[in-house]
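See below for the structure under consideration.
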Amino acid sequence: MASSYRINCSTLLHLLMFLSSLLTSSANLSFNFYASSCSVAEFLVRNTVRSATSSDPTIPGKLLRLFFHDCFVQGCDASVLIQGNSTEKSDPGNASLGGFSVIDTAKNAIENLCPATVSCADIVALAARDAVEAAGGPVVEIPTGRRDGKESMAANVRPNIIDTDFTLDQMIDAFSSKGLSIQDLVVLSGAHTIGASHCNAFNGRFQRDSKGNFEVIDASLDNSYAETLMNKCSSSESSSLTVSNDPETSAVFDNQYYRNLETHKGLFQTDSALMEDNRTRTMVEELASDEESFFQRWSESFVKLSMVGVRVGEDGEIRRSCSSVN
(Lines of atoms letter the chains of each structure in order from A and count residues from 1; the text may use other names and numbers.)
(Lines give C-alpha, C1' and ligand atoms only; values in the text may rest on other atoms or scores of the structure.)
Protein backbone atom coordinates (compact mmCIF):
# COMPACT_ATOMS: atom_id res chain seq x y z
CA MET A 1 0.00 0.00 0.00
CA ALA A 2 1.07 3.54 -0.64
CA SER A 3 1.95 5.50 2.47
CA SER A 4 -0.81 7.62 3.99
CA TYR A 5 -1.00 11.26 3.05
CA ARG A 6 -0.21 13.81 5.75
CA ILE A 7 -1.80 17.25 5.63
CA ASN A 8 0.54 20.27 5.78
CA CYS A 9 0.06 23.05 8.34
CA SER A 10 -1.87 25.52 6.18
CA THR A 11 -4.17 22.80 4.90
CA LEU A 12 -4.72 21.54 8.44
CA LEU A 13 -5.68 25.01 9.67
CA HIS A 14 -8.12 25.42 6.78
CA LEU A 15 -9.63 22.03 7.52
CA LEU A 16 -10.02 22.72 11.24
CA MET A 17 -11.83 25.99 10.52
CA PHE A 18 -14.10 24.18 8.08
CA LEU A 19 -14.88 21.43 10.59
CA SER A 20 -15.62 23.93 13.35
CA SER A 21 -18.22 25.61 11.15
CA LEU A 22 -19.88 22.27 10.51
CA LEU A 23 -19.98 21.28 14.16
CA THR A 24 -21.83 24.44 15.16
CA SER A 25 -24.88 23.00 13.40
CA SER A 26 -24.45 19.51 14.94
CA ALA A 27 -23.67 20.26 18.56
CA ASN A 28 -24.22 16.66 19.69
CA LEU A 29 -21.35 15.39 17.55
CA SER A 30 -17.80 16.05 18.64
CA PHE A 31 -14.24 14.96 18.05
CA ASN A 32 -13.06 12.25 20.46
CA PHE A 33 -16.66 11.73 21.58
CA TYR A 34 -15.66 8.44 23.22
CA ALA A 35 -12.50 9.77 24.92
CA SER A 36 -13.83 9.06 28.41
CA SER A 37 -16.43 6.35 27.75
CA CYS A 38 -14.41 4.14 25.36
CA SER A 39 -11.03 5.63 24.57
CA VAL A 40 -9.96 2.62 22.47
CA ALA A 41 -12.97 2.73 20.12
CA GLU A 42 -11.30 4.44 17.17
CA PHE A 43 -8.14 2.37 17.60
CA LEU A 44 -10.15 -0.86 17.51
CA VAL A 45 -11.99 0.15 14.34
CA ARG A 46 -8.79 1.23 12.61
CA ASN A 47 -6.99 -1.96 13.62
CA THR A 48 -9.89 -4.09 12.37
CA VAL A 49 -9.93 -2.32 9.00
CA ARG A 50 -6.17 -2.59 8.58
CA SER A 51 -6.21 -6.29 9.45
CA ALA A 52 -9.06 -7.02 7.04
CA THR A 53 -7.40 -5.02 4.26
CA SER A 54 -4.11 -6.84 4.67
CA SER A 55 -5.82 -10.12 3.81
CA ASP A 56 -8.32 -8.72 1.30
CA PRO A 57 -7.36 -5.53 -0.59
CA THR A 58 -10.94 -5.12 -1.86
CA ILE A 59 -12.16 -4.28 1.65
CA PRO A 60 -11.58 -0.48 1.49
CA GLY A 61 -13.77 -0.11 -1.58
CA LYS A 62 -16.50 -2.20 0.01
CA LEU A 63 -16.49 -0.19 3.22
CA LEU A 64 -16.65 3.12 1.36
CA ARG A 65 -19.59 1.94 -0.74
CA LEU A 66 -21.38 0.60 2.33
CA PHE A 67 -21.02 4.01 3.97
CA PHE A 68 -22.35 5.88 0.93
CA HIS A 69 -25.40 3.63 0.69
CA ASP A 70 -26.09 4.01 4.40
CA CYS A 71 -25.88 7.80 4.43
CA PHE A 72 -27.78 8.43 1.21
CA VAL A 73 -30.85 6.36 2.04
CA GLN A 74 -31.81 7.37 5.57
CA GLY A 75 -28.86 9.32 6.88
CA CYS A 76 -25.70 7.93 8.47
CA ASP A 77 -27.51 5.75 11.00
CA ALA A 78 -26.35 2.19 10.19
CA SER A 79 -29.86 1.28 9.00
CA VAL A 80 -28.24 -0.51 6.05
CA LEU A 81 -26.89 -3.14 8.46
CA ILE A 82 -30.26 -4.31 9.80
CA GLN A 83 -31.28 -7.73 8.56
CA GLY A 84 -34.84 -8.63 7.57
CA ASN A 85 -37.10 -9.35 4.62
CA SER A 86 -38.06 -5.71 4.02
CA THR A 87 -35.01 -3.83 5.26
CA GLU A 88 -32.57 -1.72 3.24
CA LYS A 89 -30.11 -4.60 3.19
CA SER A 90 -32.66 -6.86 1.47
CA ASP A 91 -33.30 -4.47 -1.43
CA PRO A 92 -31.80 -5.53 -4.79
CA GLY A 93 -30.05 -2.16 -4.97
CA ASN A 94 -27.97 -3.20 -1.97
CA ALA A 95 -27.46 -6.84 -2.94
CA SER A 96 -23.82 -6.33 -3.93
CA LEU A 97 -22.79 -4.43 -0.81
CA GLY A 98 -19.93 -5.90 1.21
CA GLY A 99 -17.82 -5.21 4.26
CA PHE A 100 -20.48 -6.24 6.79
CA SER A 101 -18.18 -8.74 8.50
CA VAL A 102 -15.60 -6.01 9.13
CA ILE A 103 -18.22 -3.89 10.88
CA ASP A 104 -19.35 -6.87 12.96
CA THR A 105 -15.77 -7.70 13.95
CA ALA A 106 -15.11 -4.13 15.06
CA LYS A 107 -18.41 -3.99 16.95
CA ASN A 108 -17.68 -7.24 18.79
CA ALA A 109 -14.21 -6.04 19.76
CA ILE A 110 -15.64 -2.79 21.12
CA GLU A 111 -18.53 -4.48 22.93
CA ASN A 112 -16.09 -6.72 24.78
CA LEU A 113 -14.42 -3.66 26.30
CA CYS A 114 -17.15 -1.00 26.23
CA PRO A 115 -20.61 -2.60 26.24
CA ALA A 116 -23.54 -0.55 24.89
CA THR A 117 -21.38 2.53 24.34
CA VAL A 118 -20.32 2.92 20.70
CA SER A 119 -22.93 3.10 17.94
CA CYS A 120 -22.84 1.02 14.79
CA ALA A 121 -23.36 4.28 12.87
CA ASP A 122 -20.07 5.62 14.21
CA ILE A 123 -18.33 2.32 13.46
CA VAL A 124 -19.50 2.43 9.82
CA ALA A 125 -18.32 6.04 9.47
CA LEU A 126 -14.98 5.37 11.14
CA ALA A 127 -14.43 2.20 9.10
CA ALA A 128 -15.00 4.10 5.85
CA ARG A 129 -12.63 6.83 7.04
CA ASP A 130 -9.99 4.25 7.95
CA ALA A 131 -10.52 2.36 4.68
CA VAL A 132 -9.31 5.41 2.77
CA GLU A 133 -6.20 5.64 4.93
CA ALA A 134 -5.55 1.90 4.58
CA ALA A 135 -5.60 2.30 0.80
CA GLY A 136 -3.05 5.12 0.89
CA GLY A 137 -5.41 8.08 1.10
CA PRO A 138 -5.59 11.01 3.53
CA VAL A 139 -6.01 10.72 7.27
CA VAL A 140 -9.34 12.40 8.07
CA GLU A 141 -10.63 13.39 11.49
CA ILE A 142 -14.39 13.03 11.80
CA PRO A 143 -16.74 13.88 14.66
CA THR A 144 -18.54 11.04 16.43
CA GLY A 145 -21.60 10.67 18.63
CA ARG A 146 -24.07 9.34 16.06
CA ARG A 147 -26.92 7.14 17.23
CA ASP A 148 -28.24 4.11 15.41
CA GLY A 149 -31.52 4.24 13.53
CA LYS A 150 -34.41 2.18 14.87
CA GLU A 151 -35.93 1.25 11.53
CA SER A 152 -34.85 0.20 8.05
CA MET A 153 -37.14 0.05 5.03
CA ALA A 154 -36.34 -1.41 1.62
CA ALA A 155 -38.79 1.05 0.04
CA ASN A 156 -36.41 3.90 0.91
CA VAL A 157 -33.50 2.52 -1.10
CA ARG A 158 -34.34 3.01 -4.77
CA PRO A 159 -35.57 6.63 -4.45
CA ASN A 160 -32.31 7.64 -2.78
CA ILE A 161 -29.34 5.77 -4.22
CA ILE A 162 -27.64 6.97 -7.39
CA ASP A 163 -27.90 4.71 -10.42
CA THR A 164 -24.82 4.39 -12.60
CA ASP A 165 -26.73 5.72 -15.61
CA PHE A 166 -27.88 8.96 -13.94
CA THR A 167 -27.42 12.21 -15.80
CA LEU A 168 -25.39 14.97 -14.18
CA ASP A 169 -28.58 16.87 -13.35
CA GLN A 170 -29.99 13.83 -11.58
CA MET A 171 -26.79 13.44 -9.57
CA ILE A 172 -26.75 17.12 -8.64
CA ASP A 173 -30.36 16.87 -7.45
CA ALA A 174 -29.59 13.74 -5.40
CA PHE A 175 -26.59 15.35 -3.71
CA SER A 176 -28.45 18.61 -3.14
CA SER A 177 -31.22 16.72 -1.34
CA LYS A 178 -28.60 15.59 1.18
CA GLY A 179 -27.15 19.06 1.65
CA LEU A 180 -24.16 18.32 -0.58
CA SER A 181 -22.87 20.58 -3.34
CA ILE A 182 -21.77 19.99 -6.92
CA GLN A 183 -18.17 20.19 -5.66
CA ASP A 184 -18.96 17.46 -3.13
CA LEU A 185 -20.37 15.39 -6.00
CA VAL A 186 -17.16 15.63 -8.01
CA VAL A 187 -14.90 15.06 -5.02
CA LEU A 188 -16.82 12.15 -3.50
CA SER A 189 -17.03 10.50 -6.92
CA GLY A 190 -13.29 10.11 -6.41
CA ALA A 191 -14.17 7.13 -4.22
CA HIS A 192 -14.21 5.24 -7.52
CA THR A 193 -10.42 5.33 -7.45
CA ILE A 194 -10.75 2.05 -5.53
CA GLY A 195 -13.30 -0.76 -5.55
CA ALA A 196 -14.89 -2.86 -8.25
CA SER A 197 -18.24 -3.23 -9.98
CA HIS A 198 -20.29 -6.01 -11.51
CA CYS A 199 -20.70 -5.94 -15.28
CA ASN A 200 -24.44 -5.25 -15.08
CA ALA A 201 -23.70 -1.88 -13.48
CA PHE A 202 -22.28 -0.50 -16.72
CA ASN A 203 -23.45 -2.81 -19.52
CA GLY A 204 -25.96 -0.19 -20.59
CA ARG A 205 -23.02 1.43 -22.38
CA PHE A 206 -23.02 -1.50 -24.81
CA GLN A 207 -25.53 -3.50 -26.81
CA ARG A 208 -25.48 -6.85 -28.56
CA ASP A 209 -25.51 -6.95 -32.36
CA SER A 210 -27.40 -9.45 -34.51
CA LYS A 211 -24.72 -12.06 -33.82
CA GLY A 212 -24.92 -11.60 -30.07
CA ASN A 213 -21.63 -9.73 -29.78
CA PHE A 214 -21.23 -6.55 -27.76
CA GLU A 215 -20.82 -3.23 -29.54
CA VAL A 216 -20.27 0.22 -28.05
CA ILE A 217 -23.18 2.65 -27.99
CA ASP A 218 -21.56 5.19 -25.64
CA ALA A 219 -19.23 7.40 -27.66
CA SER A 220 -17.72 8.94 -24.52
CA LEU A 221 -15.69 5.76 -23.87
CA ASP A 222 -12.11 5.30 -25.02
CA ASN A 223 -12.15 2.61 -27.74
CA SER A 224 -9.48 0.36 -26.25
CA TYR A 225 -10.99 0.64 -22.78
CA ALA A 226 -14.43 -0.17 -24.16
CA GLU A 227 -12.96 -3.22 -25.91
CA THR A 228 -11.44 -4.40 -22.64
CA LEU A 229 -14.75 -4.04 -20.82
CA MET A 230 -16.69 -5.85 -23.55
CA ASN A 231 -14.23 -8.75 -23.55
CA LYS A 232 -14.41 -9.00 -19.77
CA CYS A 233 -18.19 -8.97 -19.64
CA SER A 234 -19.10 -10.96 -22.75
CA SER A 235 -19.28 -14.39 -21.11
CA SER A 236 -22.47 -16.01 -19.88
CA GLU A 237 -21.17 -15.64 -16.33
CA SER A 238 -20.67 -11.88 -16.62
CA SER A 239 -23.32 -11.14 -13.99
CA SER A 240 -20.97 -12.49 -11.32
CA LEU A 241 -17.79 -10.94 -12.74
CA THR A 242 -16.33 -7.72 -11.40
CA VAL A 243 -14.20 -5.03 -13.02
CA SER A 244 -11.97 -2.57 -11.16
CA ASN A 245 -13.40 0.94 -11.02
CA ASP A 246 -9.91 2.28 -11.72
CA PRO A 247 -8.07 0.30 -14.42
CA GLU A 248 -4.70 1.79 -13.48
CA THR A 249 -4.24 1.79 -9.67
CA SER A 250 -7.25 -0.15 -8.45
CA ALA A 251 -6.06 -0.79 -4.88
CA VAL A 252 -4.63 2.68 -4.18
CA PHE A 253 -6.63 5.71 -3.07
CA ASP A 254 -5.17 8.45 -5.28
CA ASN A 255 -6.29 10.94 -7.92
CA GLN A 256 -5.87 8.49 -10.80
CA TYR A 257 -9.67 8.35 -11.15
CA TYR A 258 -9.71 11.91 -12.47
CA ARG A 259 -6.85 11.26 -14.86
CA ASN A 260 -8.85 8.30 -16.14
CA LEU A 261 -11.79 10.60 -16.83
CA GLU A 262 -9.54 12.87 -18.88
CA THR A 263 -8.66 9.91 -21.10
CA HIS A 264 -12.30 8.76 -21.31
CA LYS A 265 -11.83 5.73 -19.09
CA GLY A 266 -14.61 6.28 -16.59
CA LEU A 267 -16.31 2.96 -15.82
CA PHE A 268 -19.82 4.30 -15.29
CA GLN A 269 -21.90 6.71 -17.30
CA THR A 270 -22.03 8.85 -14.15
CA ASP A 271 -18.23 9.02 -14.18
CA SER A 272 -17.99 10.09 -17.82
CA ALA A 273 -20.69 12.71 -17.27
CA LEU A 274 -18.34 14.65 -14.98
CA MET A 275 -15.87 15.16 -17.80
CA GLU A 276 -18.45 15.78 -20.50
CA ASP A 277 -20.23 18.67 -18.77
CA ASN A 278 -18.79 22.19 -18.49
CA ARG A 279 -20.13 22.54 -14.94
CA THR A 280 -17.80 19.84 -13.64
CA ARG A 281 -15.00 19.45 -16.19
CA THR A 282 -12.79 22.17 -14.67
CA MET A 283 -12.98 20.54 -11.24
CA VAL A 284 -12.08 17.16 -12.73
CA GLU A 285 -9.06 18.67 -14.48
CA GLU A 286 -7.90 20.42 -11.30
CA LEU A 287 -8.15 17.27 -9.20
CA ALA A 288 -6.44 15.24 -11.92
CA SER A 289 -3.44 17.56 -11.80
CA ASP A 290 -3.18 18.08 -8.04
CA GLU A 291 -3.48 15.12 -5.67
CA GLU A 292 -2.95 17.29 -2.59
CA SER A 293 -5.96 19.39 -3.60
CA PHE A 294 -8.01 16.22 -4.05
CA PHE A 295 -7.03 14.93 -0.61
CA GLN A 296 -7.86 18.25 1.07
CA ARG A 297 -11.22 18.49 -0.64
CA TRP A 298 -11.91 14.82 0.03
CA SER A 299 -11.39 15.42 3.74
CA GLU A 300 -13.91 18.26 3.72
CA SER A 301 -16.54 16.52 1.60
CA PHE A 302 -16.19 13.24 3.49
CA VAL A 303 -16.91 14.97 6.80
CA LYS A 304 -19.98 16.62 5.26
CA LEU A 305 -21.18 13.24 4.01
CA SER A 306 -20.62 11.70 7.44
CA MET A 307 -23.03 14.22 8.96
CA VAL A 308 -25.94 13.64 6.58
CA GLY A 309 -29.13 12.86 8.49
CA VAL A 310 -27.33 11.85 11.68
CA ARG A 311 -29.38 10.80 14.68
CA VAL A 312 -28.40 11.96 18.14
CA GLY A 313 -29.76 11.60 21.65
CA GLU A 314 -33.22 10.07 21.96
CA ASP A 315 -33.64 10.08 18.18
CA GLY A 316 -31.64 6.87 18.04
CA GLU A 317 -30.09 4.10 20.10
CA ILE A 318 -26.86 2.20 20.66
CA ARG A 319 -27.53 -1.22 19.15
CA ARG A 320 -26.15 -4.24 20.95
CA SER A 321 -25.90 -6.01 17.60
CA CYS A 322 -25.48 -4.03 14.38
CA SER A 323 -27.78 -6.36 12.44
CA SER A 324 -30.87 -5.81 14.60
CA VAL A 325 -32.53 -3.10 16.65
CA ASN A 326 -32.61 -3.45 20.42
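Using the three backbone atoms N, Cα and C, a Cβ is placed for every residue, glycine included.
Per Swiss-Prot, signal peptide is recorded for 1-27, and the stated evidence type is sequence analysis.
For the recorded site, N28 (N-linked glycosylation site), the DSSP three-state label reads coil. According to Swiss-Prot, the N-linked glycosylation site annotation covers N28 (among others), on the basis of sequence analysis.
In this view, C38 (disulfide bond) is surrounded by 18 other Cβ atoms within 10 Å of its Cβ, with every protein chain counted. In the three-state DSSP scheme, C38 (disulfide bond) falls into the coil class. Summarising the annotation, Swiss-Prot assigns disulfide bond to C38-C114 (among others) and lists sequence analysis as the type of evidence.
Cβ neighbour count for R65 (site 'Transition state stabilizer') (all protein chains, 10 Å cutoff from its Cβ): 24. Residues or ranges marked as site 'Transition state stabilizer' by Swiss-Prot on the basis of sequence analysis: R65.
According to Swiss-Prot, the active site, proton acceptor annotation covers H69, on the basis of sequence analysis. In the three-state DSSP scheme, H69 (active site, proton acceptor) is classed as helix. There are 22 other CB atoms within 10 A of the CB of H69 (active site, proton acceptor), with all protein chains counted.
Proximity of V73 (Ca(2+) 1 binding site) to non-local residues of its own chain (separation of 6 or more, Cβ distance below 8 Å) is seen for S79, V80, E88, N156, V157, N160, I161, given in sequence order. Annotated Ca(2+) 1 binding site per Swiss-Prot: D70, V73, G75, D77, S79, in sequence order, evidence recorded as sequence analysis.
The feature disulfide bond is assigned by Swiss-Prot to C71-C76 (among others). Taking Cβ-Cβ distances under 8 Å and a sequence separation of 6 or more, the neighbours of C76 (disulfide bond) in its chain are F67, D70, A121, V124, A125, R146, L305, S306, M307, V308, G309, V310.
Under the heading N-linked glycosylation site, Swiss-Prot lists N85 (among others). Secondary structure at N85 (N-linked glycosylation site), taken from DSSP and collapsed to helix, strand or coil, is coil.
C322 (disulfide bond) falls outside any helix or strand according to DSSP and counts as coil. All protein chains shown were included, and the count of other CB atoms within 10 Å of the CB of C322 (disulfide bond) stands at 23. According to Swiss-Prot, the disulfide bond annotation covers C120-C322 (among others), on the basis of sequence analysis.
Sequence-distant contacts of H192 (heme b binding site), defined by Cβ-Cβ distance under 8 angstroms and a gap of at least six in the same chain, are N245, D246, Y257, G266, L267, F268, D271. Residues annotated as heme b binding site in Swiss-Prot: H192.
The annotation disulfide bond is assigned in Swiss-Prot to C199-C233 (among others).
The annotation N-linked glycosylation site is assigned in Swiss-Prot to N278 (among others) on the grounds of sequence analysis. DSSP assigns N278 (N-linked glycosylation site) to a helix in the three-state reduction. The number of other CB atoms found within 10 A of the CB of N278 (N-linked glycosylation site), across every protein chain shown, is 6.
Close to H69 (active site, proton acceptor), meaning Cα to Cα within 10 A, are the following recorded positions out of G75, N85, C120, N278, C322: G75. Of the chain residues outside the Ca(2+) 1 site list D70, V73, G75, D77, S79, C71, F72, Q74, C76, A78, V80, E88, A121, G149, S152, G309 have their Cβ within 8 Å of the site's Cβ mean position. Set side by side, the recorded positions N28, S79, N85 differ in how many other CB atoms lie within 10 angstroms of their CB, and the most is found at S79. Around C233 (disulfide bond), the C-beta neighbours below 8 angstroms that are at least 6 residues distant in the chain are C199, N203, F206, F214, L241, V243. The shortest Cα-Cα distance between N278 (N-linked glycosylation site) and any of the recorded positions N28, G75, D77, N85, C322 is the one to G75. Working note on the disulfide-bonded residues C71, C199: by count of other C-beta atoms within 10 Å of each C-beta, C71 ranks first.
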